[in-house]
Amino acid sequence: MNAPEKNVGLVHFETAPHFPIYMDYSATTPIDPRVADKMIPYLREQFGNPASRSHMYGWSAEKAVEEARGHVAALVNADPREIIWTSGATESNNLAIKGAAQFYKTKGKHIITVKTEHKAVLDTVRELERVGFDATYLEPQDNGLITIEQLTAAIRPDTILISVMLVNNEIGVIQPIAEIGELCRSKGIIFHCDAAQATGKMVIDLQKTKVDLMTFTAHKTYGPKGVGALYVCRKPRVRIEAQMHGGGHERGLRSGTLPTHQIVGMGEAFRLAKEEMESEIARIKGLRDRLAKGLQEIEETYINGDMDHRVPHNLNVSFNYVEGESLIMAIKDIAVSSGSACTSASLEPSYVLRALGRSDELAHSSIRFTIGRFSTEEDIDFAINLLKSKVTKLRDLSPLWDMFKEGIDINSIQWAAH
């Protein structure tokens, strides 16, 4: 069954199939058809290497790459010379964190990050610990946010790098990076911010916000997979050690032949985001609020993460007395996840929700709904009705639900060992 035709800007297209309804935009977004159209010529006739300086094929590719660099910079109000192409957010995070740590290690070896960061940050910091760096992992509040006070308290004389994401990939909360940037700049500490989940969802102004290094990726903003960028501040100048060596591309910071078609796609995706973000955010907030209202009509339902400091695209909900994997299978007509796409295959409860203080039971019963450019009111209403039906059916099979309804305090029960 096909979905009704949808209008996206000036593009008229049809999405198919209708089921499952896609509500996992934080895992990846579909490529906007306008982005795909922009990429195609660079897979065909305009196939030149941007590093080829002796003929028109190379000149054409280089021009396209620099135009795209300008579009990425424009979305975040940066200088195009501050944008370094990478293969995606994971590489950008590695280049930023390892690169800064290695360059500034003579000043200290202490790094601060947050327990709810993406694995691409956490595992990179752990790797640095393995080679002699020291790290502090901050506990967020129960709303998912950290405070400037706790960050200030964690700073030591040998702290050289702080890494805090802008928008959390699981719960969508927005960390106070303007205040963090001011603190870091006043202390002479490098500030890295993973903004992979933020582009196109909120205004980012790097002329006003004191960030030294910022991570971007295309595929969270209706662009292609396999391409991203790292912002490296020029004023004041931030230095990092290259992690890939070879032809000295990207001002020596990231060697490797540039994938022109992917870069063009990222540039177009970010250009469209800048043009359409204001109206798109308003529409998506309406859909998210509609979803939240409908799901909160289900008894014993909890929204995870702060609702005021949050992008409108995300709703992370725990359904008490329902097992998460069973619920995911029961609602197979909507594509959602029970955590980040990088960890949702694990049967362990979400480390993000556990860091917020959620019980294992609530963490296990969480579903991340993320909506986007091609979501409709019909999609939202279908999801609400499906969840109401399936949660009721699963709870009807649960003895714990029966005990809860009878007023029995489940936490006080002493279960017999076998």
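Keep in mind that glycine also has a Cβ here, set from the backbone N, Cα and C atoms.
Note that TrEMBL annotation is computational and uncurated.
As recorded in TrEMBL:
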type	residues	note
ACT_SITE	Cys342	active site, cysteine persulfide intermediate
BINDING	Ala89, Thr90, Asn169, Gln197, Thr217, Ala218, His219, Thr257	pyridoxal 5'-phosphate binding site
BINDING	Cys342	[2Fe-2S] cluster binding site
MOD_RES	Lys220	N6-(pyridoxal phosphate)lysine
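Annotated features, which come from TrEMBL, shown on the structure.
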residue	record	CB count, 10 Å
Ala89	pyridoxal 5'-phosphate binding site	25
Thr90	pyridoxal 5'-phosphate binding site	21
Asn169	pyridoxal 5'-phosphate binding site	27
Gln197	pyridoxal 5'-phosphate binding site	29
Thr217	pyridoxal 5'-phosphate binding site	28
Ala218	pyridoxal 5'-phosphate binding site	31
His219	pyridoxal 5'-phosphate binding site	23
Lys220	N6-(pyridoxal phosphate)lysine	29
Thr257	pyridoxal 5'-phosphate binding site	12
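The residue listed as 'N6-(pyridoxal phosphate)lysine' is 10 Å away from Ala89 (pyridoxal 5'-phosphate binding site) when you measure Cα to Cα. In this structure the alpha carbons, written CA, of Thr90 (pyridoxal 5'-phosphate binding site) and Lys220 (N6-(pyridoxal phosphate)lysine) are 13 Å apart. Taking the Cα atom of each, the residue listed as 'N6-(pyridoxal phosphate)lysine' and Gln197 (pyridoxal 5'-phosphate binding site) are about 6 angstrom apart.
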